[in-house]
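Undergrad: First the structure, then my questions, so here it is.
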Amino acid sequence: MAWKHTITQDPTISPCGFNLVVGGGGSLLGETMASNLRHFSSFALALILSISFSSSSVWASQREFDYFVLALQWPGTICAQTRHCCSSNGCCRSEPITYFTLHGLWADYDDGTWPSCCTRAGFDINKVESLMPELQKYWPSLYCTSSKRCFGGKGPIWAHEWEKHGTCSYPVIQDEYDYFATTLNLYTKYNVTRILENAGIEAANSAKYLLGEVVSAIKNEFGATPLLVCRHGSVEELRICFNKDFSPRDCVNESSTLMEDISKSSSSCPRYISLPTYEPLVHGDLRGKLVTSERTNMYRLVASA
């Protein structure tokens, strides 16, 4: 028996844009061809879904975060522990750092846990090259050791913070540049060093301040209670918390009084705390100069006369 089939263009029928019309005695062959086309369509759809799923499966494995923590470091406490210098250590600059520097912007859960290493989007320093002057000044490493990266190897502090915390801040933060730009903007807008200085709380080895005064100065300005971390009576970290719209929120939950806030937010701190200064190991007229190695494409701070 004769069989016939015609192929007519119809993008509404199949992904390939063709419709197979089968008739006559060739129906068996036509059905086979139609079946193959359906299998091809199913395979193509599965491939598309597989690619999409592979890019978002890590996101799905960790639920969306609840709030942000802006973690700041006090160099006076950390740099006092420096025993040797290296080009990457901000503590080794010729002049001591007398302002809070950035540790990171962290995505946290209300239950006290946090997501980490949410995607394999590795740190690419080229994407934040325009931010390097600000990163070097306000977000330096205060150690000589390199930071661990999420999926093996070590790198600068910025690689660690982006891969561990920044990748978990989606959908509020979209990409690497957005993460660092947003963090720097928050740091500038909520200038803790300036707020404390305006309240008469300044860096000095001889001065001690009531913990309540520090907490109150920040809470009065931002409308939210910070979290302090101390080492041997000196402030080591100060953390400010934000809702996902970047409005300030308490870093502690369900506090009813200021004293309860202080107790919960600063359990490692004594009643009187200090913001110490330090003497850098690098002296003289040395100046920090930012250079780039073409071979490694990494920024480093070197000393030059």
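Positions of Cβ are set from backbone N, Cα and C atoms, glycine also.
Bear in mind that the values here come from a model prediction, so they are computed numbers and not experimental data.
Found this in TrEMBL, in case it helps:
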- 40-60: transmembrane segment (TRANSMEM)
- His103: active site (ACT_SITE)
- Glu161: active site (ACT_SITE)
- His165: active site (ACT_SITE)
Undergrad: Provide, as an integer number of angstrom, the distance between the C-alpha atoms of His165 (active site) and His103 (active site).
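TA: Cα to Cα, His165 (active site) and His103 (active site) are separated by 11 Å.
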Undergrad: Using Cβ atoms only, which residues of the same chain lie under 8 Å from Glu161 (active site) while being at least 6 residues apart in sequence?
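TA: Those within reach of Glu161 (active site), by Cβ under 8 Å and sequence separation of 6 or more, are His103, Gly104, Leu105, Ser147.
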Undergrad: Counting other Cβ atoms within 10 Å of each Cβ, which of the active-site residues His103, His165 scores lowest?
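TA: Candidates: the active-site residues His103, His165. Fewest Cβ atoms within 10 Å: His103.
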